[in-house]
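Participant: One structure coming up, written as structure tokens, with questions to follow.
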Amino acid sequence: MPESLSVTDNRTGRTYDLPIENGAVHATAFQQMKLDDEDHGLLLYDPAFLNTASCTSRITFIDGDRGILLYRGYPIEQLAEHSNFLETAYLLIHGELPNAAEYAAWEHEITIHTLVHENVKSFMDGFHHDAHPMGMLLSTVGALSTFYPDATKIYDEEQRRISIYRLIAKMPTLAAFAFRHSRGLPYNYPDNDLSYSGNFLSMMFKMVEPRYQAVPEIEHALDVLFILHADHEQNCSTNAMRAVGSSHPDPYSATAAAIAALYGPLHGGANEAVIRMIERIGSVDKIPEFVAGVKAGKERLMGFGHRVYKNYDPRAKVIKRMADQVLAVTGTSPLLDVARELEKVALEDEYFVSRKLYPNVDFYSGFIYQALGIPVEMFPVLFAIPRAAGWLSQWEESLLDKEQKIARPRQVYLGASSRDFVSMNEREVQRPTIVAAG
Ligand code: CMC
């Protein structure tokens with residue numbers, strides 16, 4: 001027997017049977033619940049999408065209560081241990097792990113697209129020396145659309161493919177150029193003999209040596225971080241990618257919008273905010289005062305809490321272990337001790353326990369980036385590089401989904417009802433009441 005939901009509209013006394021499909025009810029089924037013919041039907045009010053599925057997807061699965069994250073069915077812990085970022089990106093985009101020939105072809109395509117047009121360097125040069133690299137990244141990714149006008153042919157599979165290669169390939173180049181610009185250093189061109197993460201580190205840090213070879217443990221750690229950040233189902237930036245993509249612009253423009261969404265401190269900017277917060281706390285003895293401030297609502301404990309995870313974020317578990325491994329190579333950080341103690345205090349505190357607030361992916365990732373010599377303002381950029389693979393797989397899935405249309409939410413209007421225009425000299429002067437001091 002098909003699953004259904006019976007709803008009685010107590011305004012009219014009528015009962016409706018709504019089909020349940022895949023654990024969801026179509027919101028449009030509520031439109032038939034009307035008071036009269038003039039009524040547009042019942043709306044579902046859900047600011048911030050707390051309980052609204054905006055799409056069906058076959059890419060990433062999260063069970064927030066049990067702390068499970070799967071890409072195309074594969075547990076994130078297994079991918080972090082056995083895969084590399086490019087293979088994981090292939091999995092996200094294509095739905096299956098590649099065989100050896102498919103992987104070689106994919107790696108080749110990404111590698112040959114790492115260069116950017118020379119004019120991009122002129123845009124970079126136009127930014128102030130202290131411009132935030134995330135701002136530089138989002139502007140230059142958006143600007144890429146002007147170099148590839150054919151990218152607007154989004155229903156041409158070949159064009160989609162090449163845009164995907166270009167975006168995954170060029171994000172590290174643009175990110176490294178942004179960093180080099182902020183340091184006043186010459187731009188390093190890609191080295192196509194290096195791995196994806198090895199090449200990124202080379203473009204970031206190569207000085208005058210003929211070839212930059214990253215420390216293998218560091219190259220590996222960065223690659224694992226890229227895997228962990230590659231996708232996370234319908235988060236704020238992915239929703240931006242899908243929503244902007246739904247009006248059918250080229251994918252460079254949609255990716256720039258997704259980067260803008262990721263920029264905020266509540267999303268991809270949180271890893272930067274965590275380090276600034278820990279630096280501010282400074283030492284273990286200041287933790288009680290800081291935690292008291294958080295509990296009093298003065299600020300948030302950055303790197304804690306998640307809309308979906310009500311348990312330890314599985315990515316944070318991998319990162320915490322990796323932070324220890326990386327710091328064993330690069331030398332320990334006193335701030336990491338503060339973070340560990342802060343985590344311990346928070347996990348034992350009733351405020352955090354009762355709200356199911358656990359460390360998320362951003363709590364420890366910054367310590368690894370710092371140990372790699374990457375400055376804090378680059379942290380969100382390091383989130384954006386791998387997330388491009390997730391955004392693009394979600395964008396393509398959305399384009400090919402026959403149920404999708406241009407994203408256009410409804411609203412519950414609470415403003416003034418219709419009224420006549422009043423000329424300026426007839427308007428009553430409304431001034432804020434000034435309370436006299438003293
Ligand atoms: N510190 C202190 N209190 C918190 C925190 C926090 N980090 N996060 C949530 N709360 C409290 C919040 O004040 C509320 O308490 P009350 O019920 O008394 O009003 C309760 O927990 C529920 O919070 P919420 O704001 O309704 O939860 P949300 O799902 O809207 O927010 C979040 C999720 C990630 C924006 C939020 O937890 C937060 O601001 N965390 C800090 C920023 C952060 O680390 N962001 C990275 C997220 S993971 C990477 C990514 O995917 O972007």
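Using N, Cα and C of the backbone, Cβ positions are placed for all residues, glycine too.
Keep in mind that TrEMBL annotations are predicted by a computer and have not been checked by a curator.
Model, not experiment: these values are computed from the prediction.
According to TrEMBL, the active site annotation covers His306, Asp362.
So that I understand the layout, could you describe where these features sit and how close they are to other parts?
Facilitator: Residue density at His306 (active site): 20 other Cβ atoms are found within 10 A of its Cβ, drawing on all protein chains shown.
Asp362 (active site) falls within a helical segment according to DSSP.
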Participant: Between the Cα atoms of His306 (active site) and Asp362 (active site), what distance do you get, rounded to the nearest Å?
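Facilitator: Just about 11 Å between their Cα atoms.
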Participant: Can you name the residues of this chain that are 6 or more positions from Asp362 (active site) yet have a C-beta less than 8 Å from its C-beta?
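Facilitator: Long-range Cβ contacts: Ala270, Asn271, Ala273, Val274, Met302, Gly303.
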